[in-house]
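Participant: One structure, pasted below without further comment.
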Amino acid sequence: MLMKITEFDYRRISELVERARLDVDDVLGPVADIISMVRDGGDDALRELTGRFDGVTVENFRVSREEIEEAHKNLEPGVKEALREAASNIEEFHRMQMPSGWMSEVRPGVMAGQLVRPIDSVGCYIPGGRAVYPSTILMTVIPARIAGVERIVCCTPPAQDGSVPDAVLVAADMAGASEIYRVGGAQAVAAMAYGTETIRPVDKIVGPGNIFVTAAKKLVYGEVDIDFPAGPSEVLIIADETASPEYIALEILAQAEHDPQAASVLVTDSRDLALEVKEMVHENIKYMERANIIRESLERYGMIVLTADIDEAVDFSNAYAPEHLVIMTDSPEETLEGIRNAGSIFLGELSPVAAGDYGSGTNHVLPTSGCARMYSGLSTESFIKKPTVQRITKEGLRNLQGTVLKLAEYEGLHAHAESFRRRLRD
């Protein structure tokens, strides 16, 4: 049944928020083997694995400057202009995110503060294969460049002829990637984490991917940093009787076309709206190019939740912690005040998720599967470190001595106490 309607019940909330997750446990063994192969075999292992999984023989993994220039010549001008406009908006938004360092006198003679420093090198995984995602390059590379990352590596699976799509190369060049490699899957993650003869290791790996990429990121975490766990895409829409059922239906269809495991949820206090949306979804599926994917997605993970009021809808949304949250109520800003958990939020009927996916400037690399409860989406801050700094004068030592000496001795760390006490005596 497409878009089943269910009544909200606080006692069933854990059941209602369930949806598809990437269960990587089943593939951890094979992925660990792939990682070991790349660690031990370097480029030769990458070639073998690329031939096995992608059916492609690759001699040179690194994309040349000549290939990038050729891509600029070949790419359709309209697509190139759209990428340029998207890049401009993404850059403007992410520059506003950049934090500043600071220093403060916390006590007389005690200056303490925080610096802002970029990560040295970052790897951006760009999904490929049957689909082309140049927008994901913009979303991963531009924030890294703005943060000041010196070396930004992109890895993406090669096409059947060994090439990388023109749009991907142009987007990477526009965004400011330092290096682009034609390698994908878990083997690309392993190469970025541990290095090969061609690909030097990086300090952090970001970007979405399939279950094997996600498992590989999980396994290399600790050797490198990663962004956050990834899973199937999802949207939750909070709507009242003032909302357009057509806009809601189209938002649901747009999300469902991503993947058979994508989740699309409407939460409303209007039964009439729920029934209208359900009918419109049914009517419009047949006009969609990806109708089979949409139908499977909505049969498995499509849902309409009826609540007593919008406050209950907000409670459900916070428990669900959606990747994308659309608010179509009479006063979306007022509804927003109660929202705590969401990856990216779209206010009002004229703010579709597609705008955030491609053009508004916000990032579309977002936490899924409830991870918005503790993760934020990719941002400029994803690529920086914040070391703390302090400078203390003799006056500051005197002001701190009671606290420092008492606690150091209480914890039995007498050398700590002496290192402090000696400075007071000198």
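Keep in mind that glycine also has a Cβ here, set from the backbone N, Cα and C atoms.
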Participant: Taking Swiss-Prot at its word that Ser233, Gln255, His258, His324, Glu411, His416 bind substrate, choose the one of Asp166, Asp173, Asp357 listed for that site.
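Facilitator: Candidate in the recorded substrate site: Asp357.
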Participant: If we check Cα distances from Ser233 (substrate binding site), which of the recorded positions Tyr125, Gln187, Glu323 wins as closest?
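Facilitator: Sorting the recorded positions by distance from Ser233 (substrate binding site), the top entry is Glu323.
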Participant: Give the residue from the binding-site residues His258, His324, His416 that has the most other Cβ atoms within 10 Å of its Cβ, counting over every protein chain displayed.
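Facilitator: Going through His258, His324, His416 one by one, the largest Cβ count within 10 Å is at His324.
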Participant: Name them in sequence order: residues not among Tyr125, Gln187, Asn210 whose Cβ is within 8 Å of the mean position of the Cβ atoms defining the NAD(+) site.
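Facilitator: Checked against the 8 Å cutoff, the neighbours are Pro127, Cys155, Pro157, Gly184, Gly185, Ala186, Ala188, Val189, Gly209, Phe212, Val213, Ala216.
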Participant: Fewest neighbouring Cβ atoms within 10 Å: which of the binding-site residues Asp357, Glu411?
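Facilitator: Comparing Cβ neighbour counts within 10 Å for the binding-site residues Asp357, Glu411 gives Glu411.
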Participant: Fewest other C-beta atoms within 10 angstroms of its own C-beta: which of the binding-site residues Gln187, Asn210 fits that?
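Facilitator: Asn210, out of the binding-site residues Gln187, Asn210, has the fewest neighbouring Cβ atoms within 10 Å.
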Participant: Could you tell me which three-state DSSP class His258 (substrate binding site) falls into?
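Facilitator: Where His258 (substrate binding site) sits, the three-state DSSP reduction gives coil.
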